[in-house]
Amino acid sequence: MYGNYSHFMKFPTGFGGSPGHSGSTSMSPSAALSTGKPMDSHPSYTDTPVSAPRTLSAVGTPLNALGSPYRVITSTMGPPSGTLAAPPGINLVAPPSSQLNVVNSVSISEDIKPLPGLPGIGNMNYPSTSPGSLVKHICAICGDRSSGKHYGVYSCEGCKGFFKRTIRKDLIYTCRDNKDCLIDKRQRNRCQYCRYQKCLVMGMKREAVQEERQRSRERAESEAECASSGHEDMPVERILEAELAVEPKTESYGDMNMENSTNDPVTNICHAADKQLFTLVEWAKRIPHFSDLTLEDQVILLRAGWNELLIASFSHRSVSVQDGILLATGLHVHRSSAHSAGVGSIFDRVLTELVSKMKDMQMDKSELGCLRAIVLFNPDAKGLSNPSEVETLREKVYATLEAYTKQKYPEQPGRFAKLLLRLPALRSIGLKCLEHLFFFKLIGDTPIDTFLMEMLETPLQIT
């Protein structure tokens with residue numbers, strides 16, 4: 001039936017205890033299906049025809065410690081006298097006779113325990129229910145799901161927070177009953193006294209909460225020290241001083257509006273810009289490290305950013321004005337006047353994208369000064385002898401502004417980002433204003449003062 005296997009089955013010399021041969025070894029099919037030992041090592045095993053009548057029962061237990069996938073086959077007729085011949089291609093591993101005797105001595109109806117090292121078939125899909133594993137997944141106080149070990153005990157977030165609040169606020173509770181209230185998942189909030197006592201009984205440590213608080217305080221102090229030392233080169237106090245030093249006096253602001261002026265809005269804006277250009281140089285000199293740059297680089301930076309610096313200044317000054325802007329000269333320019341003069345489009349952008357936003361977030365003068373310093377330290381300005389130094393100064397202003405907003409407005413974590421979002425709008429509006437001024441200079445029907453004219457005659461220094 002199976003023929004001779006000598007042409008394809010080869011085993012090492014002495015394999016399975018058989019005599020050594022110099023060439024290949026011819027084996028019978030029954031020997032090939034064994035574990036490698038010759039069948040004569042099991043004298044009780046003989047070839048049995050498949051058709052022999054026999055009542056069989058399958059016991060759902062792995063056969064040996066190797067984890068065979070086949071079930072033990074036993075007979076109601078007593079111990080087996082042989083093995084069933086398996087179909088070709090299936091290897092039935094014959095167990096040692098000692099294990100087979102143990103299995104056969106057990107009643108078929110009895111629950112057979114798995115051999116050491118193997119999981120039982122009946123409980124393979126069930127999670128571990130050992131006491132140690134349950135402790136890690138259940139809150140020791142109320143029995144809810146544990147989120148980890150807190151203050152020395154596995155507990156849920158609710159009991160962890162309750163214990164921490166009790167210790168930090170030094171709370172004192174009283175029990176309305178006999179101080180033996182049931183504390184479980186459903187009733188843990190009914191009696192705070194008994195809940196706290198159970199926390200202590202189960203092993204929660206008061207000192208663990210106090211140590212955690214001390215570590216948090218030390219970490220906050222360390223971060224504050226690092227922040228202050230990192231911003232010593234660009235203190236926000238000096239930036240604020242620069243803003244206040246060049247701020248127009250309040251008494252110079254009158255109730256004048258466009259009806260009190262004989263000039264058109266564009267002329268008034270140009271006069272105010274020329275006046276502010278003189279104070280702009282003084283402001284820049286007060287910004288930390290600006291004067292440390294070469295004189296040539298100082299001039300380049302001022303020429304590159306003067307328009308944005310002035311627009312930011314009068315926009316912030318105008319947050320208290322209704323539907324208009326307040327110039328440094330004290331004049332109010334109303335929206336309707338700007339539209340009649342042909343500059344309504346850019347005027348509307350100033351009110352919408354700058355003045356309104358500054359008003360909504362209540363931008364203070366320190367934040368305004370930092371934004372203007374960021375504009376001033378522009379490493380992209382053409383012709384700089386040391387752009388990397390300018391970029392370093394800008395980054396220091398970034399860090400100063402971020403630290404200031406975190407300390408002054410801790411309830412507004414996104415404030416720093418909102419401030420920086422005003423810079424693209426400021427750049428875009430500044431470029432548009434330059435286009436208008438160049439146009440007015442070209443047609444020559446608007447008087448432009450000396451300093452402003454000098455700025456306009458210089459090629460634009462922004463990439």
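Cβ atoms here come from the backbone N, Cα and C positions, even for glycine.
The feature region 'Modulating' is assigned by Swiss-Prot to 1-138. The region 'Disordered' annotation in Swiss-Prot covers 17-53, 211-232. According to Swiss-Prot, the feature compositional bias 'Polar residues' maps to 21-33. Swiss-Prot lists 139-159, 175-199 with the feature zinc finger, giving sequence analysis as the kind of evidence. Summarising the annotation, Swiss-Prot assigns DNA-binding region to 139-204. Annotated region 'Hinge' per Swiss-Prot: 205-230, in sequence order. Per Swiss-Prot, the feature compositional bias 'Basic and acidic residues' maps to 211-222. According to Swiss-Prot, the feature domain 'NR LBD' maps to 231-459.
With a threshold of 8 Å between CB atoms, the same-chain residues lying at least 6 positions outside the zinc finger (175-199) that come near it are 139, 141-144, 153, 155, 158-159, 162-163, 166. As a summary of secondary structure, the zinc finger (139-159) carries 3 helix, 5 strand, 13 coil according to DSSP. Confidence annotation: the region 'Modulating' (1-138) carries a mean pLDDT of 45 in the model.
The helix, strand and coil residue counts that DSSP assigns across the zinc finger (175-199) are 8 helix, 0 strand, 17 coil.
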